[in-house]
Amino acid sequence: MFVPGQRPFAYLYFFPVAAAFSAIALPWSVLARFGLVLALPGLAGPLGHAHEMLFGFAMAVVAGYLLGPQPRRWIRLMLALWLVGRLAFLGWPGSLFAGIANIGFLVALAWRVVPRFSRSAKKWRNKAVAPLILGLCIAGSLFQMLYMAGKSGPLYGLLLEAILLLSTLMFFMAGRMLAPGVAGHLNKQGRELEARVQPWLEGAVLALMGGAVVLNLLPWEALRPLVGILLVLAAVATLVRLLRWPARYCLDRPDLIALMTGYLWLVVGWLSIAAALLVELLPLGTALHGLTIGALGTLTLTVMARTQAQRSHKALRMPFVLYLAIAMISLSALARLVAGSVPMGMGPYLVAAACWSLAYLVLLVFLLRSRHSPKPSPG
């Protein structure tokens with residue numbers, strides 16, 4: 001039980017609602033696509049589905065992870081804005097009510113997160129979180145305003161922009177978990193890890209992705225291949241960084257293997273988007289799911305479970321069923337990539353939706369059963 005005057009951690013509230021929403025709403029849109037359930041207005045098309053995946057689910061996870069301990073009034077306000085935003089967008093996606101709630105949540109998130117990360121970091125690489133969060137909040141606000149105005153044309157480019165920003169944030173945050181995690185584990189084995197943060201590779205990927213984000217904003221179609229080239233270079237650099245963290249010595253730390261799997265999905269996702277932009281090897285809408293299911297799903301599920309386990313049990317070990325859930329996310333991503341590349345009917349889509357939903361239901365049960373232990377921060 002929380003002591004009056006102490007600040008609860010934001011993840012205690014945002015992680016469960018994000019997991020529940022992800023398990024129900026996002027697969028619902030897949031079922032609605034094939035007429036198996038009633039199509040809610042906000043999930044009736046790909047734009048609504050993508051909006052709720054990125055600015056609904058993903059931003060709730062970001063809020064839970066980055067906000068840290070907060071005054072209760074701020075958590076109540078932001079959680080209320082997020083919940084109202086979800087209900088309003090699902091039922092009345094173009095309404096002023098949905099716009100106020102969704103933009104209000106993003107503004108509040110930027111207000112609480114961006115200044116803190118801007119002030120606390122000294123090196124430019126460490127300052128990356130602030131502009132990435134600010135960019136995501138601006139992209140989400142612009143999406144909502146354009147959606148309300150009925151201007152769907154720019155929304156697809158804006159979604160790609162948000163995915164590039166979000167994947168860069170995942171690259172940075174997961175890398176900062178893996179480097180000390182792998183180094184500490186190897187140290188317990190009497191080994192020394194020379195390649196820890198690997199600042200030159202981290203900086204190179206941040207610069208390459210920054211270039212891709214800027215070029216994607218420009219209106220000229222001729223620049224799209226350049227975005228693809230930058231994504232290929234970023235993927236190669238990320239793969240090199242990943243391979244320098246020796247997974248063979250971490251097989252007894254499945255939480256680290258799970259993070260590495262999510263990191264590998266970043267590589268696959270960036271290469272898939274590059275293949276769509278450069279040679280049209282697969283549809284861009286299909287390619288995006290390497291990031292939005294593979295990387296986003298694996299990393300968010302792992303980070304949420306890992307954070308809860310660390311806070312509640314003071315350990316990074318998680319129940320075995322959670323690792324099965326993480327594996328199901330990869331199966332979901334593979335099924336979705338196949339579904340969009342090979343005409344096989346609704347089967348692969350339903351497999352992808354079922355795996356995703358079951359994985360997050362498992363996470364939700366874990367979060368709810370273990371949420372009683374964390375100690376709030378004084379403040």
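The backbone N, Cα and C atoms fix where each Cβ goes, and this holds for glycine too.
Just so you know, TrEMBL annotations never went through curation; they're auto-generated.
Per TrEMBL, transmembrane segment is recorded for 12-30 (among others). If you look at the transmembrane segment (12-30), the same-chain residues 6 or more away from its ends with a CB under 8 A from one of its CBs are 37, 39-40, 43-44, 48-49, 52-53, 56-57, 60-61, 63-64, 67, 75, 79, 82-83, 86, 90, 300, 304, 307-308, 349-350, 352-354, 356-361, 363-364, 367-368, 371, 374.
Outside the transmembrane segment (50-67), and at least 6 residues removed from its termini, the chain residues within Cβ reach (under 8 Å) are 10-11, 13-15, 17-18, 21-22, 25-26, 29, 42-43, 75, 78, 82, 85-86, 89-90, 93, 102, 105-106, 109, 112-113, 117, 129, 133, 136, 140, 143-144, 147, 159, 162-163, 166, 169, 173, 292, 296, 300, 303-304, 307. Per TrEMBL, transmembrane segment is recorded for 50-67 (among others).
Sequence-distant contacts of the transmembrane segment (74-90) (same chain, at least 6 residues past either end, Cβ-Cβ under 8 Å): 8, 10, 13-14, 17, 21, 25, 40-43, 48, 51-52, 56, 59-60, 63, 67, 97-98, 101-102, 104-105, 108-109, 112. The annotation transmembrane segment is assigned in TrEMBL to 74-90 (among others).
Taken from TrEMBL, the feature transmembrane segment applies to 96-114 (among others).
Within its own chain, the transmembrane segment (126-149) has Cβ neighbours under 8 Å at 47, 51, 54-55, 59, 62, 66, 93-96, 98-99, 102-103, 106-107, 109-110, 113-115, 117-118, 120, 155, 158-159, 161-162, 165-166, 168-169, 172-173, 206, 213, counting only residues six or more beyond its boundaries. For 126-149 (among others), the entry in TrEMBL reads transmembrane segment.
Long-range contacts of the transmembrane segment (155-179) within the same chain: residues 47, 50-51, 54-55, 58, 62, 65, 125, 128-129, 132-133, 135-136, 139-140, 142-143, 146-147, 196-198, 202, 205-206, 209-210, 212-213, 216-217, 238, 241, 245, 256, 259-260, 262-263, 266, 269-270, 273, 284, 288, 291-292, 295-296, 299, 303, 306, each at least 6 residues beyond the stretch ends and with a Cβ under 8 Å from a Cβ of the stretch. Sequence annotations record features per position, and here TrEMBL assigns transmembrane segment to 155-179 (among others).
Long-range Cβ contacts of the transmembrane segment (200-220) within its own chain (Cβ-Cβ under 8 Å, at least 6 residues beyond either end) map to 124-125, 128, 135, 157, 160-161, 164-165, 167-168, 171-172, 175, 226-227, 230-231, 233-234, 237-238, 240-241. According to TrEMBL, the transmembrane segment annotation covers 200-220 (among others).
The transmembrane segment annotation in TrEMBL covers 226-244 (among others).
Here the transmembrane segment (256-278) has long-range neighbours at 160, 167, 170-171, 174-175, 177-178, 181-182, 185, 224-225, 227-229, 231-232, 234-235, 238-239, 242, 245, 247, 250, 284, 286-288, 290-292, 294-295, 298-299, 302, 323, 326, 330, 333, 337, meaning same-chain residues at least 6 beyond its ends whose C-beta is under 8 angstroms from one of its own. For 256-278 (among others), the entry in TrEMBL reads transmembrane segment.
Same-chain neighbours of the transmembrane segment (284-304): 11, 15, 18-19, 46, 50, 53-54, 57-58, 61, 64-65, 159-160, 163, 166-167, 170, 173-174, 177, 255, 258-259, 261-263, 265-266, 268-273, 275-277, 322, 325-326, 329-330, 332-333, 336-337, 339-341, 352, 356, 359-360, 363, 367, counting only residues six or more beyond its ends whose CB sits under 8 Å from a CB of the stretch. Here TrEMBL flags 284-304 (among others) as transmembrane segment.
Residues annotated as transmembrane segment in TrEMBL: 316-337 (among others).
Taken from TrEMBL, the feature transmembrane segment covers 349-368 (among others).
The stretches the transmembrane segment (316-337) and the transmembrane segment (349-368) meet in space: the count of Cβ pairs below 8 angstroms, excluding pairs fewer than 6 apart in sequence, reaches at least three.
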